[in-house]
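Asks: Features from Swiss-Prot:
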ACT_SITE  D495  active site, proton acceptor
BINDING   V373, G374, K375, G376, S377, F378, G379, Q380, V381, K396  ATP binding site
COMPBIAS  9-23  compositional bias 'Polar residues'
COMPBIAS  24-35  compositional bias 'Low complexity'
COMPBIAS  59-75  compositional bias 'Basic and acidic residues'
COMPBIAS  112-123  compositional bias 'Low complexity'
COMPBIAS  286-297  compositional bias 'Polar residues'
COMPBIAS  721-733  compositional bias 'Polar residues'
COMPBIAS  749-820  compositional bias 'Low complexity'
COMPBIAS  881-890  compositional bias 'Polar residues'
COMPBIAS  892-904  compositional bias 'Basic and acidic residues'
DOMAIN    367-690  domain 'Protein kinase'
REGION    1-151  region 'Disordered'
REGION    250-272  region 'Disordered'
REGION    285-345  region 'Disordered'
REGION    717-830  region 'Disordered'
REGION    881-904  region 'Disordered'
Amino acid sequence: MNSGEKQDNLQAWGQQPSSSYSNTQQQHGQITGQIPLTITNQVEAHDNDFHMQDASNDELEKSKKIAEQPTEHPQQHHQQQPAVPRFPPQSRQPQAILRFPQPPITSINKANNSNSQNFFPQQEVLQSRPKKHRVSMTNAEAANTPGMPPEKLPAKKLSADSQRPLFRDSNVFQRSAGQFTNDNGPSSSSAIVGAPFDANSSSKPVHIQQFRNPNDAPVTKLTSDLIKTYKAINEKFQSFYLRKNVRRSTVGRHTSLDSSGKPKTGKEASSSDANLIETFSIHNAVPNTSSSGNQPHYDSHVNAPPLLDTNAPPTSTMVVPMRTETESQQQMRQKSSRGGPYNNGYDDQNYDYILKNGEIFDKRYVILSDTPVGKGSFGQVTKAYDTVTKEEVAIKIIKNKKTFFDQAQIEIHLLELTNAHDKDNKYNIVTLKGHFVHRAHLCLVFELLSYNLYDLLKNTNFRGVSLNLARKFAQQLGKTLLFLSSPELSIIHCDLKPENVLLVNAKRSQIRVIDFGSSCQTGHRIYQYIQSRFYRSPEVLLGIAYDTKIDMWSLGCILVEMHTGEPLFAGSSEVDQMMKIVEVLGMPPKEMLDIGPKTHKYFDKTEDGIYYCKKTRDGYRHTYKAPGARKLHEILGVTSGGPGGRRLGEPGHSVEDYSKFKDLIKRMLNFDPKQRILRTTLFPVSHTAYNQNLYHQQQIDQVPAVGSVYIEDNGMYRPVPTSSHPISVTSSFDDGDVIEIDPNRRRYSQQNYHNPNYQYSQQPQSSSQQQQQQYQQSQRAQLEKQQQLQQQQQQQQQQRQHLSHQPSQSVQQHSSSSSRSRPRQQDQAEWRTQLELEEAFKQRKAEEATAPRSLQYNPQQVVGVQLIKRVLISKLFQGSMSHGNVNAGSSRDMEKHDYPNNKL
């Protein structure tokens, strides 16, 4: 075989399709009698040489897809194609049209270098595909370009059938793009595209069909790339939330999960825990110049992974890897008996400290239980034993997060301030014994108390406590608010509710106010969202500036709930809360609504400036009643024997008692903070120096008696009568477990019940209290002397007025002097009736123009109606001198009998 025939065979071999590349290589070895071509060991060198040429990345991907073809092609593709005339021998160019780039043939090593010149006599190195396509070349350029047909055929419009791919078998594109194997070994990463080669007609060229892979279309390729990208992002999302759910569901232990989200067991879990797996989280990208205040943990807690920063501004969302646990941290966590995910195993997923029985805090406090006695958003409270003071205490362990740490520091400052002004603990505020930091947790040490008022309601099956016990709670809480609102403190509790009022003893009614974490001072208000929803005041709901009066609103809600057993305003949201308030108290004042920044949230305004309740989204006003339709009178059951009639017939629950309780609640729940009761307190018989000085500063002559509510309303102090039972007297009740027992006090006897001058047995008094009593007695003696002088002057004036015939002037002077001489502890209604009777008697006496007679009472001298009038006048004067009570009922009966036509 000469060199010309060999060249023709090589030209036909180059026109074969890539699917029959291995068979073609064997046939070519048989024809030429040479050793088959071998491929270099470095397949990557082909790609490097290929990238050095002008081929683009897209063309490289196409060549790799063509290489993914099976070793043995189906037989129907090897059918012989019709013969076509050959090109002139002088051109010596292959007729195959190359649709995809080929690696340079220079990278193929020949087994016999001496025979390589026989195959390519005119070219030393066969060039790769031309830089220009044949369509864009002229015939002259194609003639000078190796590997290109000399004549340019006219372009023909292909039909839809001709554009279909040649290989429709799906297995053609399922091979990997790394290499192509055959019987002789690995093949090249790319192949020559052409028609199948027939051994019988090896010297005849075949017709080549053009095809295009539809998967390589630009739109299809872009879509597939986007799908891959989003799929990768979703996988990273899933891995992050999967890890987050594991932290939430696992308390005090580590659980390994497989790809499906189920927990692993055995060797899989141990191997997965040993390997560090990097997870991803989606968070808002913030600048690196953020301050340390945005860090989620306390400054010493640096080992935990970062949290999601919800306060960061929304800039751009990106996927970043989270910090993984180091080997030292993992070993320390495994050695820890707690096994928590944070703080070297000492914190759980909620950043609460994992308690362990018998652990010692601050070298003196021994933890007494693994479970806390109370838990909240701030942290948890546990019971401990103080080895120094030999007493049990309560330790409040704050969460290991910076926000709670800063809030607890404010609570420490306010408690130290209140304890410094109340060293004797007279104002019912919890005592702070100390504070320290334990394993990055701020701990506060308090006195150990009993359960709270909400637990007390649960013990009564939410039937409520009696008015007597509610009055005792009101006395103590009012005293606390009076102390907190003093100018030296000016503290707003901001979270007064039954859960924050604790009993000192389960069998006593003495209480303590706790949880000053949300508190602030009047001039340093730092929170906008304060107070629990059921006890939130209207000014806070409307966004108006608030002061200490918001605690008085909360106190009114607490007192109603303690007696009825249910919250007065149980709103599910702020809008629902405002509507519940409007149902009972009516519409808020227009002045408040005009200045409220959040008024539009609850009310709409007409063109005339009238506010009305805002409609809901569905167009209806929900199921709310009209403003003021739900009466407080009916809620308390003033005339029906209490809430639901449960207190009907019980002592201390009369209509009069409920009426006074309702009036007190209405003054506490006034919309306008300026008209709301500032301070309310109930004072016992033995008064402290603080209260006594307060009375003298307000020019009050006499301290109110037992059972009176002392109210400061806009700076004016005045006594208001309460229920018939004094508050300081011990009493038992069957509606709860709280019983006040004091062996040093005597029970209230029925015979001395109406005697205001009766002195009950009291505990030994100190020197300061004795001085106060002496001062009080001296003041009373001076007052009696003044009253005697005034009466003498009145008698002299009456005689002069009778002689000068000026009755009207005498009546006015006598009424004014009588009003000044009246003791302050008498009932106002009885007082008013007696003054009117006295004025009527004096007026009729002046009209009779009789001489003044003796005012001494002698039953034997009572003759006729005129003597009965003088007896009444003498009794009135004697009552004013002795500061005693006057029997109003008998006086009214005598007045009716004597003067049937009198309108009084």
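Keep in mind that glycine also has a Cβ here, set from the backbone N, Cα and C atoms.
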Asks: Write out the long-range same-chain contacts of D495 (active site, proton acceptor), meaning residues 6 or more apart in sequence whose Cβ is under 8 Å from its Cβ.
Replies: D515, G517, S518, S519, I530, Q531, S532
Asks: Would you identify which of the binding-site residues V373, V381 has the most other C-beta atoms lying within 10 angstroms of its C-beta?
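Replies: The residue with the densest Cβ neighbourhood is V381.
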Asks: In three-state terms from DSSP, label G379 (ATP binding site) for me.
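Replies: In the DSSP reduction, G379 (ATP binding site) maps to strand.
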Asks: Among the binding-site residues K375, S377, which residue has its Cβ surrounded by the fewest other Cβ atoms within 10 Å?
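Replies: Least crowded of the binding-site residues K375, S377, by Cβ count within 10 Å, is S377.
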Asks: Let me check the 10 A CB neighbour count of G379 (ATP binding site). How many other CB atoms are there?
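Replies: Its Cβ has 26 other Cβ atoms within 10 Å.
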